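Asks: Before anything else, here's the structure in question.
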């Protein structure tokens, strides 16, 4: 059974989103996603300053099984990326919720209302 923290938001494409006090968003992949992928061996993250649209493929995660796109949960500007996970991609498997990938400044703060809560994501992955 996958871990699904209640204090995060989620997408149907298996990204988790933490709403920070300053209005920015921290993005990573869910425990469910890392378990399905298997051993993560490579990450390609967006550069700071990149402007992304909601749902745009903006990063790549590769495992021994597959390569998958990571999507921007909302429109905005990438303000930081976690280079420590590119140096140690296995950290995503060790703790998917500590191994954040990038931070976004949303173009519109209200855009997060379309994201799933923990119960909604649990229902989504139960199918």
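Sequential numbering from 1, following the chain as shown.
A Cβ is built for glycine as well, from the same backbone N, Cα and C atoms used for every other residue.
Heads up, here are the entries from Swiss-Prot:
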DOMAIN    24-105  domain 'Lipoyl-binding'
MOD_RES   65  N6-lipoyllysine
Asks: What are the non-local neighbours of residue 65 (N6-lipoyllysine), defined as same-chain residues 6+ apart in sequence with CB under 8 A from its CB?
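Replies: Listed in sequence order: 37, 38.
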Asks: By DSSP assignment, list the helix, strand and coil residue numbers for the domain 'Lipoyl-binding' (24-105), in that order.
Replies: 16 helix, 34 strand, 32 coil
